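Trainee: Positions annotated as transmembrane segment by TrEMBL: 73-91, 103-123, 166-186, 207-228, 234-253, 265-281, 293-310.
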Amino acid sequence: LSGSERRGNGGYALPVGVDIQTACLGLYCGRAVLSVNGSVETYGDCGVCPRGQRTDDNKICRECMGSPDRYDWLYLGFMAMLPLVLHWFFIEWYSGKKSSSALLQHVTALFECSIAAIVTLLVSDPVGSLHIRSCKVKKLSDWYTMLYNPSPDYITTVHCTHEAVYPLYTIVFIYYAFCLVLMMLLRPLLVKKIACGLGKSDRFKSIYAALYFFPILTVLQAVGGGLLYYAFPYIILVLSLVTLAVYMSASEVESFKDLLVRKKRLVVLFSHWLLHAYGIISISKLDKLEQDLPLLALVPAPALFYLLTAKYTEPSRILSEGGNGH
């Protein structure tokens with residue numbers, strides 16, 4: 001390379017701005033900056049970038065100094081909501097109709113996940129701050145750098161796997177770990193004292209369920225983190241619509257009066273509306289408020305459509321009308 005000077009420590013001294021694209025193979029391989037002397041930087045051998053850095057256009061490892069944008073925070077919020085929603089689902093599933101402990105368990109699960117999120121932000125770089133520094137996500141391959149390790153001679157592989165989307169990939173694992181630890185510290189003591197309406201075998205089933213779904217969520221993030229990053233707004237919309245329809249059907253809600261009979265149904269309805277709004281905001285990113293905010297008016301539309309058409313889709317009514325037709 002023109003303008004390069006071999007150093008005794010095995011690095012290269014190149015003027016800033018020299019294009020060394022041809023000297024460093026691979027999409028994510030780069031040279032770490034060993035030292036800076038004025039306008040001259042000394043680089044190491046081509047390889048993996050240190051944690052918290054990613055390659056620039058010149059294949060130099062640069063420290064991530066940016067901040068997550070709005071869409072990144074929405075993604076992290078979605079990943080943080082997953083264990084909370086699953087906690088609430090299994091608490092409700094196993095609490096039983098006669099148990100009065102469900103509400104306290106719901107509050108405890110919210111407390112666990114909230115504290116875990118705060119602690120995760122505090123231990124992330126910069127430590128002690130709720131702000132985090134990050135690298136910008138440019139494309140889907142940034143999430144799967146392990147698939148782009150080059151083999152110059154088709155025999156030897158240069159391993160350049162690093163977190164190009166720092167810290168969006170690993171921060172989720174850290175959050176799940178704190179959620180699991182806090183759950184194991186707080187929930188068993190709470191359930192043992194207040195879950196008097198449940199048998200001994202059913203009392204801890206919601207905790208056992210969490211011991212199953214946390215590993216599943218971890219594998220989901222490890223394998224499909226990049227796919228979730230781009231698809232989570234649509235996943236939220238679809239799941240909120242499907243689960244709301246299933247809940248209303250199972251609860252035999254056919255009119256507005258049926259919703260007002262039990263406060264729990266209203267809570268479930270408003271929860272689905274919040275999720276639906278979250279999905280709409282994630283898709284639109286609220287880049288243009290005058291165009292995106294009116295979309296939030298569509299949030300109650302699925303529930304209203306269901307309530308207005310439920311009486312026409314009653315299975316017994318359809319069967320009776322079909323019988324009369326014959």
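Using N, Cα and C of the backbone, Cβ positions are placed for all residues, glycine too.
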Trainee: Given a Cβ distance threshold of under 8 angstroms, which distant residues of the chain, six or more beyond its ends, lie next to the transmembrane segment (234-253)?
Mentor: 78, 228, 259, 265, 268-269, 272, 275-276, 278-280, 282-283, 302-303, 306-307, 310
Trainee: If contact means at least 3 Cβ pairs within less than 8 Å, sequence distance 6 or more, would you call the transmembrane segment (166-186) and the transmembrane segment (265-281) in contact?
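Mentor: Answer no: the transmembrane segment (166-186) and the transmembrane segment (265-281) share fewer than 3 Cβ pairs below 8 Å.
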Trainee: Would you kindly check 73-91, 103-123, 265-281 and say which stretch has the most C-beta pairs under 8 angstroms to the transmembrane segment (207-228)?
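Mentor: Comparing 73-91, 103-123, 265-281 against the transmembrane segment (207-228), the winner is 73-91.
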Trainee: Give residue numbers and ranges for long-range contacts of the transmembrane segment (265-281): same chain, 6 or more residues beyond its ends, CB-CB under 8 A.
Mentor: 74, 77-78, 233-234, 236-237, 239-241, 243-244, 247, 251, 253, 258-259, 292, 295-296, 298-300, 302-303
Trainee: Within the same chain, where does the transmembrane segment (73-91) have neighbours whose Cβ lies under 8 angstroms from its own Cβ atoms, ignoring anything closer than 6 residues to its ends? I mean 6 or more beyond.
Mentor: 102, 105-106, 109-110, 112-113, 117, 168, 171-172, 175-176, 179, 183, 205-206, 209-210, 213-214, 217, 221, 228-229, 232-233, 236, 278, 281-282, 285
